[in-house]
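What Swiss-Prot says about this protein:
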- Glu274: active site, proton acceptor (ACT_SITE)
- Lys337: active site (ACT_SITE)
- Cys387: active site, nucleophile (ACT_SITE)
- 232-477: domain 'CN hydrolase' (DOMAIN)
- 20-40: transmembrane segment (TRANSMEM)
- 58-78: transmembrane segment (TRANSMEM)
- 89-109: transmembrane segment (TRANSMEM)
- 118-138: transmembrane segment (TRANSMEM)
- 155-175: transmembrane segment (TRANSMEM)
- 195-215: transmembrane segment (TRANSMEM)
Amino acid sequence: MPGFNAVPRRDYVMAALSGVLLALSFPKPGFSILAWVALVPLLLACGRKAPAVAFRLGFTAGLVAYAGILYWINIAVVTYGRLHWSVSIVIFLMLAGYLALYPAATAYVVRRGEDRGISALLAFPVVWVGLEYIRSFLLTGFPWASLGYSQYRTLPLIQIADLTGVYGLSFLIALSNVVLYRIIRGFAARERAPYPVKSAAILVLLLVATLAYGFNRLHRPEAGAPFSVALIQGNIDQSVKWDPAFQEATVAVYERLSRKACSTGPADLVVWPESAVPFYLQNEEKYASRIRNLTRELRSCTVVGSPAFERDGETIRYLNSAFLLSPWGDVVGRSDKIHLVPFGEYVPMAKFLPFVNKIVAGIGDFSPGARIASLETGKGAIGVLVCFEGIFPELARGYVRAGSRVLVNITNDAWYKRSSAPYQHLSMTVFRAVENRVPLVRAANTGITAIIDSKGHILRMTNLFEVWRPRFSWTRK
């Protein structure tokens, strides 16, 4: 059998194959089993290559993977940023190229380590997970599509997230890939490599321990007080959402759906999505009074997504916020989005990039919230994660440490239409529930609205672009 050095082009094909398998392991389509073998072709291609060659192969795999996972960015940039497709694709490839540097760096470091006697069986999972963690905060952080998130539907496996976060599962998946790679090398290489007996045994033991822990957690009964929530998915078309002419119709939709959801009696919590009201709730008295009257009528605490502002002398700070209204119609709290979307809600280093606002229409000028603030409902505190804050474990953990017993994710994924983005977004919020052992409810303008218990069960979820106003009760801690 010819060595893998014989046909360089084949090495790039194999690296690209790893990228394709990685992309397919995330929703949609979400063939999660592929994640456990997806990196084997890349590892085989790297073989005994020079570290610089391994870097290029890792970059190829990463570029293909992230291009397949994040294709939906073009939908938002072209449709709502009003950029030409050619410009959008350049921006998209720049992002995919940046993210591809992480698997490229992994391949490079692992090969250099092997040249110095450090086994890939140890180095590969450690370096992969270490770089996943760095990616979660470097350059504002973008922990999208970490390996472990591919398993969000495999509940016995993901229970370890309350101990290790998503990174524990990423480690297991990376270890599985490198063990399989070494087994194949042992069969196929000219110079027979030693079979990774110890590493394979460790992998099996870790998987058995993970599954045992998972099944144990899944069979523990929930104990606590009942809690009822009504989630409102208004399905407001993004193209008219901010048109003042549609404000009346938008408020009317949420009034109607909220009344139907609470027709059998008050809910402990009613949740409207991110920016459900397309105006400043603080000073649009005509509609604000209607919403206050509605909460009194429903006799339910209500979370309302709305932009907000704060004055500091002559300076005005704009915020992406969630207001909590009491059953008596009073605004009793506000939670401001802390982790903003770069180039969506603000321009990083705006002083050095003044041209960006001129190129891309619709970039916001929001300021980050100052602190984590749980909101008290009378039936327990809630922590509100606005939009893609749900992908950051430390934010969810901060709200739970601040006393929140339910996490609430309000979002508007209408930007991405019927792509895989809403499904990928949902998959990450499943981990926030398991990591903190609290239920998480999410209300999305056009979907996916969902109710997730503390073990990661998705108890209810919507389809995209449907009107929904479910009422659900469960036991929470």
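A Cβ is built for glycine as well, from the same backbone N, Cα and C atoms used for every other residue.
What you see is a predicted model, and the numbers here were worked out from it, not measured in a lab.
Structure with Swiss-Prot features highlighted.
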residue	record	Cβ neighbours (10 Å)
Glu274	active site, proton acceptor	26
Lys337	active site	26
Cys387	active site, nucleophile	24
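Outside the transmembrane segment (118-138), and at least 6 residues removed from its termini, the chain residues within Cβ reach (under 8 Å) are 43, 99, 102-103, 105-106, 109-110, 146-147, 167, 170-172, 174-175, 177-179, 181-182, 196, 199, 392-393.
Counting only the Cα atoms, the space from the residue listed as 'active site, proton acceptor' to Cys387 (active site, nucleophile) is about 7 angstrom. Within the chain, the transmembrane segment (195-215) has long-range Cβ neighbours (under 8 A, six or more residues past its boundaries) at 121, 155-160, 163, 168, 172, 175-176, 178-179, 182-183, 186. For the pair formed by Lys337 (active site) and Cys387 (active site, nucleophile), distance between Cα atoms is given as 8 Å, rounded to the nearest Å.
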